[in-house]
């Protein structure tokens, strides 16, 4: 290690504090090894002049070096070696107000362009749907159809259920209402659809459905079939399920308010301490590209988070528009809305959009004064987003058995709790890593069992006896393969990935526990998404053009975003002086650095990922639910 110094700027006045024990009394100061940068604002120096003071520290420990051991021997001088440092002090003008304005306009322009693009796509899509509807009506009016009429009416809230009621669970009772070409009819009336359904349906009210003993046995029959269709898992009342999933949105909105307020108060306190004491070792900025504005020391790092908020709001508007259109279709008793496609529940989408907005707010709060004590603010809602995306993927084909909001947020709270413990106690703590790895593996096994058996198992005192019985009958007495092969492949791969991540954490013990925990969530999300796409194509379904464009665009943007994220312009895993060795100049408009570009690209990539989840099953909107496979 080279000679350590403190670089300091202060007004020209006496006395000049230039000793190691008084250098921090006035002005701004920071420790350094090879590089340091301090932004001097005119408002802090009314006389338009200042001193630059450099003080050599007595020990390398102040900047991350080892604390040398010198034996104390009487009457013997010690030679610490001939160490010297050559300093170049460069004073350069700061950016002017025009650069600030250009940076803000650039940031707003990028994300407002997505609003214009979305409006254009919505207009084109609306025109296409109107043309398609007019063509369908014309074809119906020109075809002399003899259709069966009836007095029964279909409820828009009873959808997708083809219960056996003592006969069968097949789809022969109902055919495609828009695509059927059998006989002389080009379509079927809703009355005939309703009558055929009412002949086979029992009560689908959730309260009755879940409390009757025979219905419980029916659940075991339906959910343990070898091949399931969406109609088998979409039997509950839509009104009840919609309220159930809306709780996701209201809960995360409540969490956001109670989480964000103390965070904002804390980072304001951090920024005030930095401004009052002048100690710039508290916050880990990229000092070579930190542009102050008002009381904020690095305004550009805060501004670049605007994309998360604006694109999150745009996603909420898109979901609101789809929700309104779907409700209007239900009111008109359109068969495509009542009987076809993946069941439309928008509560999780609203929660995802809210989480994206909160990620922007809390990331901005973190960048007010980035350090290891508040890094969890930057990652908490990333865990939320990853968890909500996995839940949404699962809900698409399992609407009746998806997790409730209370249990889901309880699990996410446990994840955030372990994140805090890891940041505080995880560094080099073997006991913590052993406990966490064991909990990680046990949670993986429990979740695998829940997914494999579709929730039709119980964790009680007889679990060990049942496990031994299954092992004896299926593995020892006769060697039989798994009943649900596709599910087993996914769960085996998931266990391999999670066990590997647990082993890596136990062996390497990474210092950045929050990022390690986030990597676990992202790996599981990517694994499930890949499985979903493969199974979708394998089931004979297709991906429409809009969804395919979203997938390709999002993948490319994620690649560029990760490149800029890995540049590492600062790190709180090292001392402030060592962190400054990674600082770099601005690369965009003389205002934004690599990490700001990561904010831009990652917000766009997250928005694109949400659109992928929203549009990837649009090809099924005219397919009966008893023809859509569950996987």
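For all residues, glycine too, the Cβ spot is worked out from N, Cα and C.
Features reported for this protein in TrEMBL:
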TRANSMEM  99-124  transmembrane segment
TRANSMEM  248-268  transmembrane segment
TRANSMEM  306-325  transmembrane segment
TRANSMEM  346-369  transmembrane segment
TRANSMEM  406-425  transmembrane segment
TRANSMEM  431-453  transmembrane segment
TRANSMEM  513-534  transmembrane segment
TRANSMEM  546-566  transmembrane segment
TRANSMEM  597-616  transmembrane segment
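Long-range Cβ contacts of the transmembrane segment (99-124) within its own chain (Cβ-Cβ under 8 Å, at least 6 residues beyond either end) map to 291, 293, 299-300, 303-304, 306-307, 310-311, 314, 318, 321, 546, 589-592, 600, 603-604, 607. Below 8 angstroms of C-beta separation, residues 224, 418, 421-422, 425, 459, 484, 487-488, 490-491, 494-495, 498-499, 501-503, 505-506, 509, 520 of the same chain, each at least six residues beyond the ends of the transmembrane segment (431-453), sit close to that stretch. The largest share of C-beta pairs under 8 angstroms with the transmembrane segment (306-325) comes from 597-616, of the ranges 248-268, 513-534, 597-616. For the transmembrane segment (513-534), the partner stretch with the most Cβ pairs below 8 Å, chosen from 248-268, 406-425, 546-566, 597-616, is 406-425.
Counting only same-chain residues 6+ beyond the ends of the transmembrane segment (248-268), those with a CB under 8 A from a CB of the stretch are 347-348, 350-351, 354-355, 358, 361-362, 365-366, 368-369, 374, 377, 380, 384, 388, 405-406, 408-409. Within the chain, the transmembrane segment (597-616) has long-range Cβ neighbours (under 8 A, six or more residues past its boundaries) at 107, 110-111, 114, 301, 304-305, 307-308, 311-312, 314-315, 318-319, 322, 349, 352-353, 356, 359-360, 363, 385, 389, 392-393, 532-533, 536, 543-544, 546-547, 550-551, 553-554, 557-558, 560-561, 564-565, 587-588.
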